[in-house]
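Peer 1: This is the structure I have questions about; it appears just below.
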Amino acid sequence: MLTVQELKALPKVELHCHLDGSLSLKAIRKLAQMAAVELPASDQALRELVSVPDDIEDLLDYLKRFDVILPLLQTAEALELAAYDVIEQCAAENVRYIEVRFAPDFSTEKGLSVSEAIAAVIKGLHQAQADFGVESGLLVCAMRQYSNQRSQMMFKAAQPFLGQGLVGGDFAGDEADFPTEVIEPAIKTAQQLGIPMTLHAGESHCAHNVMAALALGIRRFGHGVALGGHVDFQKQVSEADGVLEMCLTSNLQTKAVKNLASYPVAELLANQVKITINTDNRTVSNTNLTKEYDLWQRHFGITKSQFLEVNLNAINAAFCSATIRQQVIQDLQKGYAEN
Ligand SMILES: O=c1[nH]cnc2c1ncn2[C@H]1C[C@H](O)[C@@H](CO)O1
Ligand SMILES: [Zn+2]
């Protein structure tokens, strides 16, 4: 088994990380100061406020934790600082490429436009790239519970940022009540605009949402853990070269799976489904990529060469340029040979 230090040092690629769920306590305090919001004085109390306990009920319960952070992300300055902070954390665990996602529609409460929100996050990502050398791309999340019209407007406003830091789109939010069919018009709009799409799908016991996304030409799925037990679906995903953005800690917390023993790693690997390892939300889930890797090696026996494969799956499915892909693949090959 690799030590935590060795896991930390391995070069990594992450495809599924929410900006608003991944801020350091230091950044949250700074943002609260900027927004004149009072926070608990002790870090322990603050962590309790912004992270989920183990006994939450489901995804909707999990999503309530974002209510504390979102009021702090309502200015360009705040979004820029937040993006910078997430990349700083990534640099500390040798993430070489990350796709960071956020919902611009959640940052318009104080008059910021969707375009201004996106521009601010990109600015923070670029500044952090210059300072820490971590390559990144932005994904914009539409929210399943919003109207198609609202999501379509968001994607239209986002589209001009493609090639400027924006690399793709997503749908997050309440999957159980708003299945893929309901959001199909907005997905199609995003695709017509040329926005590469990933989708939260198969997180809330709805394997059929993955299949509906696959039928729409989508090949990346946030979580996809509901595919467990559906061998036919797994084979279809594998044949279509689909990739799962798996987030173990988050899935345990939201009760997407009952327990570790029912996490479908063995069957997904047996059916050649490509998997990737991600945090989902570093702060809300109280995790980081190193902790996730440690869980995967401890509970599923994942080895160093399998970690390399998982990272190659991630960079090959990433919405990055060919130049970045080549560079990161080189970094991965070198890093896994050395460490
Ligand atoms: O795991 C998730 N599933 C569905 N929605 C999520 C998840 N994690 C975060 N979100 C939501 C809450 C955030 O405010 C939003 C954009 O990052 O996406
Ligand atoms: Zn997510």
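Note: Cβ is positioned from N, Cα and C throughout, glycine not excepted.
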Peer 1: Suppose a student reads TrEMBL and sees His16, His18, His200 listed for Zn(2+). Which of Asp105, Asp131, Asp280 should they find annotated at that same site?
Peer 2: Asp280
Peer 1: From Asp20, Gly173, Glu203, His223, Asp280, which recorded positions have a C-beta atom under 6 Å away from some atom of ligand 2?
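Peer 2: Near the molecule: Asp280.
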Peer 1: If you skip the near sequence neighbours and keep only those at least six away, which residues in the chain come within under 8 angstroms of Glu203 (active site, proton donor), Cβ to Cβ?
Peer 2: Leu59, Glu175, Gly222, His223, Gly224, Val225, Ala226, Asn251, Thr254, Ala256
Peer 1: In sequence order, which same-chain residues at least six apart have a C-beta under 8 angstroms from Asp280 (Zn(2+) binding site)?
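Peer 2: Within the chain, Asp280 (Zn(2+) binding site) has Cβ neighbours under 8 Å at His16, Cys17, His18, Gly21, Cys247, Thr249, Ser250.
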Peer 1: According to DSSP, collapsed to three classes, what secondary structure does His16 (Zn(2+) binding site) have?
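Peer 2: His16 (Zn(2+) binding site) sits in a strand per DSSP.
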Peer 1: Rounded to the nearest angstrom, how far is the Cα of His200 (Zn(2+) binding site) from the Cα of Gly173 (substrate binding site)?
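Peer 2: The Cα atom of Gly173 (substrate binding site) is 8 Å away from the Cα atom of His200 (Zn(2+) binding site).
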